[in-house]
């Protein structure tokens with residue numbers, strides 16, 4: 001297939017994003033308008049506020065993406081957009097905008113699964129990466145360990161049965177008074193603490209899955225904090241978050257390594273916002289090196305929600321002839337591998 005230039009749009013949560021991507025791996029622009037400062041005062045994302053801010057920002061974000069890329073609508077071969085999972089109101093803003101563009105410009109519309117987008121972020125930073133490989137997807141809303149069999153073809157080996165890892169980070173951060181967003185704040189404070197100070201539980205299911213559970217360790221942290229407060233004992237917040245982080249990171253690492261062994265894979269790619277966590281990166285690199293497993297991370301800008309990853313995933317769908325109808329609707333509970 002000749003060079004394909006895709007304009008991608010992402011609005012699944014609290015970032016309004018647009019990007020221009022060539023052949024799935026070359027990013028000409030990647031513009032993100034974040035609402036994090038707005039939602040911080042609420043202690044988390046407020047869906048209605050997020051939707052309104054997307055409406056206000058989306059036109060300017062798309063125009064900037066085209067300008068930075070040095071292209072016009074005439075140069076675009078397809079319009080890609082996230083249609084799930086995510087906040088339904090937020091998804092609809094991006095989806096309706098993309099539909100309008102695709103219809104008015106007579107361009108193909110490609111709906112992209114947000115989680116698949118996170119996985120595809122690795123194709124941008126690692127130009128020679130090709131399936132098969134193992135991918136650990138860790139974000140505020142999702143935690144999966146996946147065997148990527150081919151472009152757009154996934155086998156879910158393990159997933160969370162309750163809280164996502166990033167969600168647990170946010171809840172623990174709130175409990176110790178760090179506020180939102182929890183992940184980066186815990187990562188920073190944990191560097192000052194002793195990760196062996198408190199033994200928090202790690203969930204290990206005695207079945208044939210490599211599923212995750214983070215509600216137990218989250219509850220253990222909350223119980224520890226309550227007990228310390230009842231005793232009027234001083235709480236070392238750095239030790240608490242370092243010990244919590246260690247429990248989460250070790251489970252994520254263990255299951256990713258086990259998946260490599262099960263599927264005889266020699267590469268692990270990391271995806272999602274928690275992929276920026278320094279302890280997770282260090283632990284995976286260390287354990288991977290011991291076993292001859294190459295560990296790959298996207299750059300921090302590609303770990304967060306962005307449209308470049310959506311443009312990358314869309315390209316590989318376009319190669320297979322998978323384009324969407326104008327009747328495409330938002331699917332807030334869309335699962336990995338579903339259409």
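In case you wondered, yes, glycine gets a Cβ from its N, Cα and C as well.
Per Swiss-Prot, Fe cation binding site is recorded for 114, 118, 305, and the stated evidence type is sequence analysis. Under the heading substrate binding site, Swiss-Prot lists 137, 138, 139, 140, 141, 170, 183, 187, 277, citing sequence analysis as support.
Feature map: annotations from Swiss-Prot on the structure.
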residue : record                 : Cβ neighbours (10 Å)
114     : Fe cation binding site : 25
118     : Fe cation binding site : 31
137     : substrate binding site : 25
139     : substrate binding site : 24
141     : substrate binding site : 19
183     : substrate binding site : 24
277     : substrate binding site : 27
305     : Fe cation binding site : 26
Distance, residue 114 (Fe cation binding site) to residue 141 (substrate binding site) (CA atoms, angstrom): 11
For substrate: widest Cα to Cα gap among 137, 138, 139, 140, 141, 170, 183, 187, 277 in Å: 18
Residue 305 (Fe cation binding site) versus binding-site residues 137, 139, 183, 277 - nearest by Cα: 139
Shell of the Fe cation site beyond 114, 118, 305, same chain only (C-beta within 8 angstroms of their C-beta centre): 10, 12, 82, 115, 117, 139, 272, 306, 309, 310
Residue 137 (substrate binding site): secondary structure state under DSSP, collapsed to three categories: strand
